[in-house]
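Asks: Below: one structure in structure tokens.
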Amino acid sequence: MKTLLLTLVVVTMVCLDLGYTRRCFNQQSSQPKTTKSCPLGENSCYNKQWRDHRGSITERGCGCPKVKPGIKLRCCESEDCNN
């Protein structure tokens, strides 16, 4: 009986994927593509763009930060959606 209960618990955890975390791109500007697993509970990715003396800058990561005026922000909620 204990073995059956333990088996059911393990199968439930695998099926529900209780430890699921969102994966987002996190490379900056024109660097090679890299991804990171977001903290548990963080379900969105962002792509932030602006211009400065270096030219066009792109920042990517987990979450959906607040930005200052003049900065383009795109937030999304699917795997690797912020490229």
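Here the Cβ of each residue, glycine as well, is placed from N, Cα and C on the backbone.
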Asks: In Swiss-Prot, C81 is disulphide-linked to which residue out of C75, C76?
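Replies: Of the listed candidates, Swiss-Prot names C76 as the partner.
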Asks: Look at the disulfide annotations in Swiss-Prot and name the partner of C62 from this list: C38, C75.
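Replies: Cross-referencing Swiss-Prot, the cysteine bonded to C62 turns out to be C38.
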Asks: So, in Swiss-Prot, which cysteine from C45, C75 is disulfide-paired with C64?
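Replies: In Swiss-Prot, C64 forms its recorded disulfide with C75.
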Asks: 10 Å Cβ neighbour count around C64 (disulfide bond)?
Replies: 18
Asks: If you measure from the C-alpha of C38 (disulfide bond), which of the disulfide-bonded residues C64, C75, C76, C81 fall inside 10 Å?
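Replies: Near C38 (disulfide bond) by Cα: none of them.
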Asks: Looking at the disulfide-bonded residues C45, C76, which one has the fewest other Cβ atoms within 10 Å of its own Cβ?
Replies: C76
Asks: Please name which of the disulfide-bonded residues listed here, C24, C45, C62, C81, is nearest in space to C75 (disulfide bond), Cα against Cα.
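Replies: Closest recorded candidate to C75 (disulfide bond) by Cα: C45.
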